[in-house]
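**Q** To start, I am sharing the structure in question, which I have written as structure tokens.
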């Protein structure tokens, strides 16, 4: 539902280019990230004062409400703040990769980072060099950003879920898979759980 709303509000903003549309677009992304953090962020990375997932829900909720209110105070900073969340996810991924020997996980992380670098390069080019792209009649980098960040998130979500399952359900063995097949050039990654064998 969160992703659906983010898509609808993003479409509304890009069709109207209105201030209300911009806020709806950015706040829907903020709330989608908050939901994802609440459910999938590994408990091993919780602040020391947070002991349970329920407490983390409250922390995430309070932080999201404060961020939402701040969005109305300084809306020009919203996009930069939302993009900075990626650095936190990259930091967590780097820490997890140091503990993981699975080549499949390392490969998925590398592909995620590749898409993210391309996406953030497109976004920065659109923001800071807009005058140049307009001068040569090529104002498409913002649309590239949307496609490329979606590709990055396609790999990021299963990766974070994989790390979360490793901590939350240690009796299961999470495994990263690709649909329809590993050999296809364009794939949809997902996590499978290998059930432990019951002993009689």
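Backbone N, Cα and C atoms are what each Cβ position is placed from, and that goes for glycine too.
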**Q** Which stretch does TrEMBL mark as transmembrane segment, out of 55-71, 174-190?
**A** 55-71
**Q** Test of understanding: give the count of other CB atoms lying within 10 angstroms of the CB of residue 14 (Zn(2+) binding site).
**A** 14
**Q** Checking distant contacts: for the transmembrane segment (28-46), what same-chain residues at least six beyond its ends satisfy Cβ-Cβ under 8 A?
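**A** For the transmembrane segment (28-46), the nonlocal Cβ contacts are 2-3, 5-6, 8-10, 53, 56-57, 60-61, 63-64, 67-68, 71, 78, 82, 85, 92, 157, 160-161, 163-164, 166-168.
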